[in-house]
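Peer 1: Okay, so TrEMBL annotates it like this:
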- 16-35: transmembrane segment (TRANSMEM)
- 247-270: transmembrane segment (TRANSMEM)
- 290-312: transmembrane segment (TRANSMEM)
- 319-342: transmembrane segment (TRANSMEM)
- 348-367: transmembrane segment (TRANSMEM)
- 388-413: transmembrane segment (TRANSMEM)
- 425-447: transmembrane segment (TRANSMEM)
- 468-488: transmembrane segment (TRANSMEM)
- 500-521: transmembrane segment (TRANSMEM)
- 533-552: transmembrane segment (TRANSMEM)
- 558-578: transmembrane segment (TRANSMEM)
Amino acid sequence: MPNFPLAFLKRNPDKYFLLLCFLFPTLLLGSLSSFRSSNFPETSFLGPPAIVTEVVLRSPAATEMGRLKGSSLGATSSEEDDPFPSVKERRIPICIFFRNARLVLKFDELGREIAQIALPAALALTADPIASLVDTAFIGQIGPVELAAVGISIALFNQVSRIAIFPLVSVTTSFVAEEDTIGRVSSETQESECLEACSMENAENKELIPQNESSDHPSESVRISSCNVSKFEQMPSRRHIPSASSALVIGSVLGFLQAIFLISVAKPLLNFMGVRSDSPMLTPAQQYLTLRSLGAPAVLLSLAMQGVFRGFKDTKTPLYATVVGDVTNIILDPLFIFVFHLGVRGAAIAHVISQYVISLILLWRLMKQIDLLPPSIKHLQFGRFLKNGFLLLMRVVAVTFCVTLAASMAAHLGPTSMAAFQVCLQVWLAMSLLADGLAVAGQAILASAFANKDYKKATETASRVLQLGLLLGLALAVLLGVGMHFGARLFTRDVSVLHVISIGIPFVAATQPINALAFVFDGINFGASDFAYSAYSMVAVAAVSILCLFILSSSHGFIGIWIALTIYMSLRAFAGFWRIGTGKGPWKFLWS
């Protein structure tokens, strides 16, 4: 009798999935709705919370932003100046999750801005895995040994790259968005001051020139009318953004260090990954890893530039560059592999060339917008990058360890469970790419809004991307719950593996709303430059999740692993929910 729920799950995974899929969102929204209505009956369910614009700024750059904005905008309304709103005007931070919920699918100005950032970002994130699948298909034509060798080398290369990529891109996006916003407001302030000075100068000159002599002195009128033009021509056409220059330097250095490291210790690393010295996979794996490591500088540099473009809210340029690079890879693969008979070396060379193509395109586009070289080395922000980058590095290690440990636990259950787990895990993670697009949009818009002290837009953006994330997660849950029963046969035809996959499908599908919210919360925290909380909360989540993995995998096997992963993602989502819902850190203004 105590094992009845697990036995029911094994016999009826479909019914269990429907229960999880529809009961969880209903209970979540229902409980939050009743909490708000019972505690705040005077507020409408969808009413917007009152926003105040006074909050302690987060950086010296933002302080300068406040000075510029204050000098250019002048006096504000009495409502905004009142630091003590009435009781009816006060809201609790948790109300942010329901703000303007009816407008979640409205294609208004905010909706268009989110779509213009999220859709290209999601497409760019999915383009590389698709190209990797095509790459794998070509390599598979060489032989099974080469395919296995390349698979191990790619996994090793990606694992090492991930340590630097995630902190670099996330920190760059937030810092560039903040500095770009400050720079634009500063430019607008200078422009308005120039216009005001020119208008005063024109007025003084007109007073000095008699009306009856104005026609006799056309040069004076020309000089007056050209005042604005001459002053605007002195303004620089390209901007200097210290964070962008710092990111490019750090990305290049990390890329070269990664290349040297992988080339120097390729064989020991492959041995650590399980490729023995007498294995036929060692030679092709070492050849592929060594050659592909030559592209590490291009990979890190291109991703640093992608972070810069994301900070500009431009995800189309990285998408175009990524597509061109991936198409180049797909074209060169058969040429180098089959025409020039280079085998796995040809596949590695094609991939390296494609990465440098992406870097050159992004560099060419970036040089048209900003000055890449700083005025002096003092303008580089290495300390700020390293501090926040180290925090996110802690986060990456915690996330990677949890997922790797789960895979290790599945491997101990046998080849059948491991094969089923890999299929479920890859689908589970692949769906996160769509939510990552929303996370990128939320991060870029929020970083700009916080720098601009536009807390109304920050609130609206956080609300909208969270609501869109929940809807996306529900849609993916239904899609995977139905589609994986038929699509699982694309991965394997083994009956025993398919049976174990059917047990994992309810977890893969039903956790999609939780996963989507967790990833969107990450983007929101990064947009608010709340890197310390993101790192420390993830370490705490990982500690609890690792304990759950050990206990549940030993007691309930395959199901226990997925229960532990569900707890892991739920805790990630709860950490973001808690930070905003309680109005802590950069979200203190939500209490006003």
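Just so you know, the numbers here start at 1 and follow the chain as drawn.
Yeah, the Cβs are placed from backbone N, Cα and C, and that goes for glycine too.
Distances, neighbours, how buried they are, the whole picture for these features please.
Peer 2: Residues 120-121, 123-124, 127-128, 130-131, 134-135, 138-139, 141-142, 302, 349-351, 353-355, 357-358, 361-362, 365 of the same chain lie 6+ residues outside the transmembrane segment (319-342) yet bring a C-beta within less than 8 angstroms of a C-beta in it.
For the transmembrane segment (425-447), the list of distant contacts is 113-115, 117-119, 121-123, 125-126, 129, 170, 173-175, 177-178, 181, 310-311, 313, 315, 403, 406-407, 457-458, 461-462, 465, 468-469, 472-473, 476, 480, 484, 508, 511-512, 515-516, 519-520, 522-524, 526-529, 565: same-chain residues at least six beyond its ends, Cβ to Cβ under 8 Å.
Residues 14, 17-18, 21, 25, 104-105, 114, 423, 427, 431, 434-435, 438, 498, 501-502, 505-506, 508-517, 519-520 of the same chain lie 6+ residues outside the transmembrane segment (468-488) yet bring a C-beta within less than 8 angstroms of a C-beta in it.
Below 8 angstroms of C-beta separation, residues 6, 9-10, 97, 402, 406, 409-410, 413, 417, 420-421, 424, 428, 500, 503-504, 507-508, 511, 514-515, 517-518, 520-522, 524-525, 537-538, 540-542, 544-545, 548-549, 551-552, 584 of the same chain, each at least six residues beyond the ends of the transmembrane segment (558-578), sit close to that stretch.
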